[in-house]
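Participant: Next up is a structure, given as structure tokens.
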Amino acid sequence: MALPHRRWNLGGKPTRNWKEELRQRNAKLTREEDVLMSSWKNSIRDIDSKLDRMDKEERTRKKAEAEYNAALNDWLRRTDINTSARVGHRQKKSSRFKDSRADDSFGRAGKPDAAPRAFPPGAEPNLYSRKPKPKPRSHFDLDQEFWKECEEFLRREQEREREYTREKSRRDRAEARGEEEEEIPREESYRQSSSMPSEEFWRSQSSKRKQISEFKRSEWEETWARFCEVGHERELNYEDIPWLPDDCTVSGVLATDTSAERKRKYHTAMLRWHPDKFISAFGKYLVEADRARIEEKVTHTASLLFNEIEAFRSQQSQ
């Protein structure tokens, strides 16, 4: 009986399924090659993006440098033009002065191109027989127009600075007066005015405010009662919870005429807005997206209520 045909794998051990092992090894090598190629492509992509970003930054820098050089050259050109104009003016004045000193006919009537005066043999010219030559002036005298323009410019700048300082001080005083007026209550300022109404008017206004406060308290109590009835039947968002009105304080909503009634309402409100009590009652119905916001609002309301209770206790102790 002949033995079955055997082949040797790369490890040196005989195997019957050498084709399957070779195929698996080739598949493994292909996967590794794909991984290497993907990593290589990602690296090349990152390098290309960095090079593009560097090229963009370089172009931006060159553009800014070109704009700066153009502005600097323009400023230098304008400065050179002004300087050359002033220098040319001084040179022209100086050359005319030199020509006048070199001319022998200075201070005399005659043609400028006439021949020089001939003296007799042995005679010397009298240096004191002519009018004195004018003394050369400084460049400050030659550029009187330029210095006048500088003085005018400085005067305008100083005037503009003083005007800005006056306007700024005026605005600051107006803002300070506005803040002081906002801090003073409107009712107190109206009472101090010359046209102060009668005492009946203030009593009627106080009664109206009291009626409005009573209406808001009753309306909020009804809203809370409806919320307690249907609050356990569906998910609760931030807008579904009947928060205290923004224009009413905790003491305004819970205010009563008697101290016993106020104590009772404070106790009821603490049971409502205490964070642990509120979460235990409605926590499983809160929407997860608004849970953090609701808990923060409940904690803030409880802190306000606690401060009101402490103020009420201190008032009662006095």
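Keep in mind that glycine also has a Cβ here, set from the backbone N, Cα and C atoms.
What TrEMBL shows for this protein is this:
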| type | residues | note |
| --- | --- | --- |
| COILED | 19-74 | coiled coil |
| REGION | 80-140 | region 'Disordered' |
| COMPBIAS | 96-106 | compositional bias 'Basic and acidic residues' |
| REGION | 161-205 | region 'Disordered' |
| COMPBIAS | 161-177 | compositional bias 'Basic and acidic residues' |
Participant: For the coiled coil (19-74), what is the mean per-residue pLDDT, to the nearest integer?
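Facilitator: On average, pLDDT over the coiled coil (19-74) sits at 87.
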Participant: Under DSSP, the compositional bias 'Basic and acidic residues' (161-177) has how many residues in helix, strand and coil?
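Facilitator: Helix, strand, coil within the compositional bias 'Basic and acidic residues' (161-177): 17 helix, 0 strand, 0 coil.
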